[in-house]
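Asker: Would you mind keeping the following structure in view while I ask a few things?
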Amino acid sequence: MRKNIVAGNWKMNTTLAEGLALAKGLDEALKGKTPNCDVIIGTPFTHLASVAAAIDTNKIGVAAENCADKEKGAYTGEVSAAMVASTGAKYVILGHSERRAYYHETPEILKTKVELALANGLTPIFCIGEVLEEREAGKHFEVVDAQIAGSLFDLSAEDFGKIILAYEPVWAIGTGKTASAEQAEEIHAHIRATLAAKYGNEVADNCTILYGGSCNAGNAKELFAKPNVDGGLIGGASLAVDKFMPIIEAF
């Protein structure tokens, strides 16, 4: 089901006390408001249960930022999809560019994580995107197609329909280069065409595709006005209610 979504990704930020204050502040800011999008916050594992218990989860969905590629057992330090689901979180961010780059997550590992997330009733927010060298070599379409196919194309149409995609132009994050709304629309439209070729138009048209490249209060309206951009996966701006709310209200 295609929806407008604004999802925050806190990354490795906030202590539990700080995270609870941030979540409660957002909950308060949304009281009495009916935004034209679903709102999700991705928090560290340590915060999930406390945050889910402290806010109105009908108004704000809670996401983990990762999960293990194993079901359970002797994997010290790992957190399984079942554990995430037991906290009250309903979503899990998978395949983020930082996980791919720093923790060497491969399409095969991510495929397993997606399957475990779905098996435990979690909605994956699956990230894709190319780095600067790939963009400059004109390989951006090829790269995102391979990322999608390598981790998701063994799913049935029914299961694929449960996935949220998030496109991150890795080349535009922290490089001083920015992706224009037109560039975002171009690749989102390409992604939707790739999905249509595999699963048909109905599945493609129903897929939510978020934009994850330095989206902020200044550019959110222009980005979200594009027909194939269904919202944003927000990093730094999600760590302050006064920066996150204008993005939510950009719809």
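Just so you know, glycine gets a Cβ as well, placed from its N, Cα and C.
Pasting the feature list from Swiss-Prot:
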ACT_SITE  H96  active site, electrophile
ACT_SITE  E168  active site, proton acceptor
BINDING   N9, W10, K11, G174, S214, G235, G236  substrate binding site
Asker: Using DSSP, would you call N9 (substrate binding site) helix, strand or coil?
Answerer: strand
Asker: Based on Cβ atoms within 10 Å, give me the single least packed residue among the recorded positions K11, H96.
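Answerer: Looking at the recorded positions K11, H96, the Cβ with the fewest others within 10 Å is that of K11.
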Asker: Between H96 (active site, electrophile) and G236 (substrate binding site), how far is it from one CA atom to the other, in Å?
Answerer: 15
Asker: Please report the DSSP secondary structure of G236 (substrate binding site), reduced to three states.
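Answerer: The three-state answer is helix.
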Asker: Here are some binding-site residues: N9, S214. Which one has the most Cβ atoms within 10 Å of its Cβ?
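Answerer: Its Cβ has the most other Cβ atoms within 10 Å: N9.
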Asker: Would you mind reading off the Cα separation of K11 (substrate binding site) from the residue listed as 'active site, proton acceptor', to the nearest angstrom?
Answerer: 15
Asker: Compile a sequence-ordered list of residues in the same chain as the residue listed as 'active site, proton acceptor', six or more apart from it, whose Cβ lies below 8 A from its Cβ; state 'none' when nothing qualifies.
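Answerer: The answer is H96, S97, C127, I128, G129, G212, G213, L233.
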